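Right, one structure below, let's go through it.
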Amino acid sequence: GNGLLKKKTLVPGQGVDSRPQKGQDVTIRLKATLEDGTVVEEDPALTFTLGDCDVLQALDLCVQLLEMGEKALIVSEAKYCYGAQGRSPDIPPNASLTLEVELLAARDAPDLELLSGKEKIQLANRKRERGNFFYQQADYVLAINSYDIALRIAGSSSKVDFSAEEEAELLDVKVKCLNNLAASQLKLDHFKAALKSCNLVLEHQPGNIKALFRKGKVLAQQGEYREAIPILKAALKLEPSNKTIHAELSKLVKKHADQRNVETEMYRKMLGNPSSASTPRKCKDKLPWSIPWKWLFGATAIALGGVALSVVIAARN
């Protein structure tokens, strides 16, 4: 409804009931051109999962409206294509695209439980790479969506036996996705979620430098400098030459020192001026602080004698 994405039917399809559903794997014929007519992409059989953001948003949104066999012309502004960054070297920044599309096939996505180890690794990696694309485009919401899908695939149960090497590769994909997920969540200030993602990585790989670094950053963003500093020190110990960790650690140490100074000043104001409180006030009594021992003993003897006399009088009465 904003005029940034338009679809025009060139050849009608087989009816509304033949439209594909989200989650299905669709195959289209695609030709993409710039406003000046330059062809930037052609694919006679592009296959992707509808609704998973595997392709341009313009395609993901419009293919849902195509009927089987329909040919359509889609005109899209940059927002639903390659955005402000474009795609080097053939698509400039903020470029509109014209997409000629024909829907060739639609079928249910494969059952994850029946995928072989190799197939599952390849599928999870495709989703992860799509997340990386969105991250580079600074579209962190869509990046998170793609990483979540990749994690769901990598962590799904299986009715097929995997080799030890395939299990290791799936774990590697999972760790990469969690690390990238934490980075995206951190960009959106979703600190609690980012901390959870980092901790999941560290459960599998306690010495993962990226996870340690990002966990330190998350804690620092929350003002938890005391907890963040030792985590960054642990990361730096694993990679002493890492300048990024060095810089972040130096910054946190300074912020922590400033924080302590502020707290100290706050406590000083709450408790009063310690410098004046620690100085003894001059005694206003007329008697000196130093009382002669003879006088003290004499006074004690008089007091005791008075007590004894009172006891005797009471006994006689």
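The backbone N, Cα and C atoms fix where each Cβ goes, and this holds for glycine too.
Annotated region 'Disordered' per TrEMBL: 1-22, in sequence order. The domain 'PPIase FKBP-type' annotation in TrEMBL covers 23-107. Residues or ranges marked as repeat 'TPR' in TrEMBL: 209-242. According to TrEMBL, the feature transmembrane segment maps to 293-315.
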Local confidence of the repeat 'TPR' (209-242) - pLDDT mean: 92
Tertiary contacts of the region 'Disordered' (1-22), as residues 6+ beyond its ends and Cβ separation under 8 Å: 50-51, 58, 61-77, 79-80, 100, 102-103, 106
Secondary structure composition of the repeat 'TPR' (209-242) [DSSP: H/G/I, E/B, coil]: 27 helix, 0 strand, 7 coil
